[in-house]
Amino acid sequence: MEYEGYNDSSIYGEEYSDGSDYIVDLEEAGPLEAKVAEVFLVVIYSLVCFLGILGNGLVIVIATFKMKKTVNTVWFVNLAVADFLFNIFLPIHITYAAMDYHWVFGKAMCKISSFLLSHNMYTSVFLLTVISFDRCISVLLPVWSQNHRSVRLAYMTCVVVWVLAFFLSSPSLVFRDTVSTSHGKITCFNNFSLAAPEPFSHSTHPRTDPVGYSRHVAVTVTRFLCGFLIPVFIITACYLTIVFKLQRNRLAKTKKPFKIIITIIITFFLCWCPYHTLYLLELHHTAVPASVFSLGLPLATAVAIANSCMNPILYVFMGHDFKKFKVALFSRLVNALSEDTGPSSYPSHRSFTKMSSLIEKASVNEKETSTL
């Protein structure tokens with residue numbers, strides 16, 4: 001998210017902001033620090049974009065066309081779509097950073113791109129929370145879950161998630177704006193005062209706007225509560241309940257489920273905690289050294305967006321649902337290579353089918369000792 005002017009009239013100066021996309025403006029840092037950070041952001045965001053589009057795209061194809069429609073595949077597809085859309089719009093902001101934070105895409109795209117990024121953030125977080133709650137219910141109430149857990153209900157839940165994310169992301173459509181800076185650049189920022197855009201500079205003396213500040217606080221606190229604190233509390237409570245239930249009933253004979261649970265919680269916490277913490281501190285920016293924001297926000301933002309390319313690994317490929325298809329996918333790739341290169345030492349399709357069957361049986365046996 002851009003670390004840019006709070007609004008167009010420099011009510012709080014360019015050091016005070018509440019950007020709603022995933023690029024950080026580094027004008028507050030020194031020239032060398034800013035340049036290094038810009039290069040760092042472009043490289044990291046490009047890597048995340050590539051891995052995210054590839055990984056989430058593969059998940060969408062596999063879950064949609066190669067797997068039976070189940071509740072889990074509904075979760076996985078929606079989670080992958082949210083992250084995929086997030087990654088699709090990253091090139092716009094990568095270009096923004098590469099052009100030294102000169103916005104050339106117009107006011108409408110400033111609003112739309114920021115809205116979509118925020119919407120996908122909320123959607124991903126809510127879906128992870130729903131997945132955690134669904135798994136918890138499956139362990140605590142297996143009979144009820146078996147009778148009421150349906151694909152139709154999963155689709156309805158996803159619709160609610162996307163609509164709720166739309167509502168929480170709507171401030172981007174209202175407050176995002178563009179303005180020319182004193183350096184001759186156009187910046188995309190949050191105009192919480194809703195005043196007519198005017199060129200601003202670092203030398204402008206900050207004024208007081210209680211309405212704009214209250215809007216800033218409302219957006220930031222809402223984002224922290226709904227996009228982090230409440231989901232983290234629910235996710236942690238769900239998995240702690242699962243661990244307690246499995247330990248008490250001795251349903252798990254291996255430590256793998258617990259490793260997955262710990263990985264999910266720690267990864268989610270580490271990815272988003274620094275980001276939300278720094279933006280909460282930004283509400284009282286005068287009491288915090290400028291270097292904390294100029295250097296900390298780029299790193300925190302990069303870590304946060306990295307979650308979008310790690311989700312396929314953490315929430316899909318570590319689960320049992322994709323084990324069978326991973327073998328089939330490998331078999332298809334080998335057969336394709338064999339057709340292109342002619343006779344080779346690769347095993348035949350029949351041998352791969354047999355091996356796939358054996359691995360599937362082993363997966364079923366393992367699943368009986370694990371709930372994830």
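A Cβ is built for glycine as well, from the same backbone N, Cα and C atoms used for every other residue.
Pulled from Swiss-Prot, these are the features on record:
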DISULFID  Cys110-Cys188  disulfide bond
CARBOHYD  Asn7  N-linked glycosylation site
CARBOHYD  Asn191  N-linked glycosylation site
MOD_RES   Ser338  phosphoserine
MOD_RES   Thr341  phosphothreonine
MOD_RES   Ser348  phosphoserine
MOD_RES   Ser351  phosphoserine
MOD_RES   Ser357  phosphoserine
MOD_RES   Thr371  phosphothreonine
TOPO_DOM  1-39  topological domain 'Extracellular'
TOPO_DOM  63-73  topological domain 'Cytoplasmic'
TOPO_DOM  96-112  topological domain 'Extracellular'
TOPO_DOM  134-152  topological domain 'Cytoplasmic'
TOPO_DOM  175-223  topological domain 'Extracellular'
TOPO_DOM  245-260  topological domain 'Cytoplasmic'
TOPO_DOM  282-299  topological domain 'Extracellular'
TOPO_DOM  320-372  topological domain 'Cytoplasmic'
TRANSMEM  40-62  transmembrane segment
TRANSMEM  74-95  transmembrane segment
TRANSMEM  113-133  transmembrane segment
TRANSMEM  153-174  transmembrane segment
TRANSMEM  224-244  transmembrane segment
TRANSMEM  261-281  transmembrane segment
TRANSMEM  300-319  transmembrane segment
Whether the transmembrane segment (224-244) meets the transmembrane segment (74-95): three or more C-beta pairs under 8 angstroms:
no
Would you find the one among the disulfide-bonded residues Cys110, Cys188 whose Cβ has the most company, meaning other Cβ atoms within 10 Å?
Cys188
Measuring Cα to Cα, how many angstrom lie between Cys110 (disulfide bond) and Asn191 (N-linked glycosylation site)?
12
Under 8 angstroms, Cβ to Cβ: which one of 40-62, 74-95, 113-133, 153-174 has the largest number of such pairs with the transmembrane segment (261-281)?
113-133
Please work out the number of neighbouring Cβ atoms within 10 Å of the Cβ of Asn191 (N-linked glycosylation site), leaving out its own Cβ.
22
Cys188 (disulfide bond) - helix vs strand vs coil (DSSP)
strand
